[in-house]
């Protein structure tokens, strides 16, 4: 429209989307933190053990040198291979999640926190696009006396076809003749209009009052053909798509198309409708008042080309419109009914203007637009002068469809002891009705709607009112939340955490992230955030575990998240099955690796104490390396294939998930049990070897090491809950490796640096004595544990075993 000298464009860090994002933090799982605590405890144990050994020596000679020698000898207590094993395990879990056919399209974007999925207590979810599909469908038209649902839309269609065919046959005479009777000045008693004309008016209003533009795809890329299409205006229905800022408006226009009145063209000054008979009606757009979140309504003034009538149409939320339309007794009640069905309601109204009224309005409007001070207020005041005593035409109900299986999924999560918070930017009524229709709040539950508060005193009163209610869901708006958190943060969070469900509406993206941080800070429990749009990114990054849904709003959320899924219902399986398995397996794996180091250190301690506290290594370095890798690596790592409950069971009984959040699979209690097992087994193995082989003392290394390997393999078998063929392969593979290595590693089976000239005697290994003595030691070290495990399963079985039997 003119010449440009220069353009200022914000790029890089100055763009809005970058200003809104926060730096992602490195997420560390709870399991890793717990294992770190245990490793610290092990380190203290290592130092203590070394000091004890030196003290027993009596601090003779260079004792500090001996102290360090003991520190090195017992250094196997520190599970260095733990990190490697766990990281490989996490990679394996990620691979299993991505390969799961029941949740196709799931992507794991992090390799550090799959176990977190098994420890969640709070789930914070977005509404639009996450719980709902963000696809609007027109469901209901209410005219005050009569209501049309999806099954009676054909009646509307026949009314429209009739009224337009009549209008056309009278050559648009009826529209001009009927104008005077509708003038607001006429004091004559209003004649009740027929249903048909009211439907006609309502549908016309919906077809005209919007901000939708029909778009035609050019079929051929050839320039000539597209121009031809422009001239000829290819109005074929298959080719048309509607574009608008809100999906609600598109749904309304698509509905008018389905009943016969089609929007075919729109530019800045006019729009054209096509009647069922194929005639084109043109309307000139005189003024348009866009929708704002403050006014909650939009208006448009159009002039009919054929008759020259000027009409002001308006549609908006019931709250805003109830004061504008003429008095009626049904609007409020019907809006409530529709909201309870989970429909989004819009009220449509109109007002006919005479030429003089419009000219007067236009001059005042332009005057207001030119004022320098308080322009917005003045413009709003002029528009409000029109918004009086408008004729109520109809009430429309549009449904935002829920995603597939949202209800059973939320039900399952609730049974699993997960508290669900819905954080949405939508208005309170919509948020509440979606919360009800998705069964986030059960039908029988009371809902406490937090009144809007602005001051400290109001917040105090409202919190006290809320405190008196028990077991009711909380609905609160973002502004009230801000006030409560400012003055009564601790009290509010404490009360909200006791609620079965919380809905926060009108939340900004930063507020969403703030709520997540609050929960983490106040409860110390693990939180999970799930969303689908760019406005959920900050919340996803703040949560301990972020899940993104690839939705209509692009991939921003799914790329920023730790796990990306395609549908909300997949979250059930992700948590109940994969979260459970990852946590249980990692806990078993971690403790087993620690046990592996402890048992060999116990043997070293026994060995040293028998030999007058000499700081001599029991096993050569090569054997130690073999012990931690090739001999026991495969069976121990095969624990990542273990599962205590079948996936079907875990999904059928989500209550099993509650046990996980208590963190009982890995705690100081279970750790101490493993420590005791290690000390018992290490002691038995070493003493057994020394007792049974008084005569062939030179062979003590071979015997104790063989028994040790066998014990480890049996212990893996004892820990496993569900066998997998790969586990069996791993067990036999390791055993095979060990037997094979006995043949050519004979010189390593001596003691210390001086091996008394006696290498491993192949003849000795094959003797019966060797075999029965090794078997005896192994049985003594493992059998009691098998018996104890059997008794424990018998007398205090874990909750899951009761289900599987």
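The first residue you see is number 1, and the count goes up from there.
Using the three backbone atoms N, Cα and C, a Cβ is placed for every residue, glycine included.
Quick look at what TrEMBL lists:
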TRANSMEM  41-61  transmembrane segment
TRANSMEM  67-86  transmembrane segment
BINDING   126, 128, 532, 536  Mg(2+) binding site
BINDING   126, 127, 128, 249, 291, 315, 344, 424, 425, 426, 506, 512, 535, 536  ATP binding site
ACT_SITE  126  active site, 4-aspartylphosphate intermediate
REGION    165-194  region 'Disordered'
COMPBIAS  165-188  compositional bias 'Polar residues'
DOMAIN    559-797  domain 'P-type ATPase C-terminal'
TRANSMEM  593-615  transmembrane segment
TRANSMEM  621-641  transmembrane segment
TRANSMEM  671-691  transmembrane segment
TRANSMEM  697-718  transmembrane segment
TRANSMEM  725-744  transmembrane segment
TRANSMEM  764-788  transmembrane segment
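Structural mapping of features recorded in TrEMBL.
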{"residue": "126", "record": "Mg(2+) binding site", "contacts (Cβ under 8 Å, 6+ apart)": "422, 423, 424, 512, 530, 531, 532, 533, 535, 536, 539"}
{"residue": "128", "record": "Mg(2+) binding site", "contacts (Cβ under 8 Å, 6+ apart)": "134, 400, 424, 425, 426, 533"}
{"residue": "291", "record": "ATP binding site", "contacts (Cβ under 8 Å, 6+ apart)": "211, 246, 297, 298, 316"}
{"residue": "344", "record": "ATP binding site", "contacts (Cβ under 8 Å, 6+ apart)": "136, 248, 397, 398, 399, 400, 430"}
{"residue": "506", "record": "ATP binding site", "contacts (Cβ under 8 Å, 6+ apart)": "424, 425, 426, 427, 428, 477, 478, 479"}
Exercise. Which whole number is the mean pLDDT over the domain 'P-type ATPase C-terminal' (559-797)?
Worked result: 85
Exercise. Rounded to a whole angstrom, what is the largest C-alpha distance between any two of the residues 126, 127, 128, 249, 291, 315, 344, 424, 425, 426, 506, 512, 535, 536 that the record assigns to ATP?
Worked result: 30
Seminar exercise, completed: Sequence-distant contacts of the transmembrane segment (41-61), meaning Cβ under 8 Å and at least 6 residues beyond its ends, amount to 67, 70-71, 74-75, 77-79, 594, 597-598, 601, 605, 608-609, 613, 615, 668, 671
Exercise. Cβ pairs under 8 Å with the transmembrane segment (593-615): which stretch of 621-641, 671-691, 697-718, 725-744 has the most?
Worked result: 671-691
Seminar exercise, completed: Quick tally over 671-691, 697-718, 725-744 of CB pairs under 8 Å to the transmembrane segment (621-641) gives the top stretch as 725-744
Exercise. Taking the Cβ of residue 536 (Mg(2+) binding site) as the centre, how many other Cβ atoms fall within a 10 Å radius?
Worked result: 31
For this session: Write out, in the order they occur in the sequence, the residues of the chain not among 126, 128, 532, 536 that have a C-beta within 8 Å of the mean position of the C-beta atoms of the recorded Mg(2+) site.
Result: 125, 127, 129, 130, 424, 531, 533, 535, 549, 551, 553, 557
For this session: Please report the number of other Cβ atoms within 10 Å of the Cβ of residue 532 (Mg(2+) binding site).
Result: 31
Problem set entry | Neighbouring C-beta atoms (10 Å sphere around the C-beta of residue 425 (ATP binding site)) | 21
